[in-house]
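J.: Take a look at the following structure, please.
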């Protein structure tokens, strides 16, 4: 999960650097923000699932933040907890949500790609439309090289430093 978020942050910083949030791609950016928020919620729920002391208190503190919402905050917290305190009902809800949220993420990602296809990606190089090249084979091979480089980098972390990004 840590590696996934590193790649996502790089994608976000790239979008900020190239002003991908500006017209006419605001919708693409907004869908990306929704994807990011869904990822944060999914990661938090996954953090709670081991159900240790850190998980329990993390769930208690973070879900209690919703109680700051005027009028409906306490009802939201009670609904999230499944009762009046963090308990087994909370864990069951989080297991279910942790299973279901990735489907929402896939749907939002498809919308993100469809919107990107509709509005086009940002072109920081200023390449004219007549100078564009086809997706296959150039971009296909380029993406394949990127995926292989990522797989090698990721395999290094898995096999040689599996606990480097974990808790001390």
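Using N, Cα and C of the backbone, Cβ positions are placed for all residues, glycine too.
Features from TrEMBL:
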| type | residues | note |
| --- | --- | --- |
| DOMAIN | 1-125 | domain 'Cytochrome b/b6 N-terminal region profile' |
| TRANSMEM | 27-49 | transmembrane segment |
| TRANSMEM | 55-82 | transmembrane segment |
| TRANSMEM | 94-115 | transmembrane segment |
| DOMAIN | 125-168 | domain 'Cytochrome b/b6 C-terminal region profile' |
| TRANSMEM | 144-165 | transmembrane segment |
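Help me see these features in their spatial surroundings.
T.: Across all of the domain 'Cytochrome b/b6 C-terminal region profile' (125-168), the predicted model scores a mean pLDDT of 83.
With a threshold of 8 Å between CB atoms, the same-chain residues lying at least 6 positions outside the transmembrane segment (144-165) that come near it are 2-3, 7.
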J.: Can you tell me how the residues of the domain 'Cytochrome b/b6 N-terminal region profile' (1-125) break down into helix, strand and coil by DSSP?
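T.: Going through the domain 'Cytochrome b/b6 N-terminal region profile' (1-125) residue by residue, I get 96 helix, 0 strand, 29 coil.
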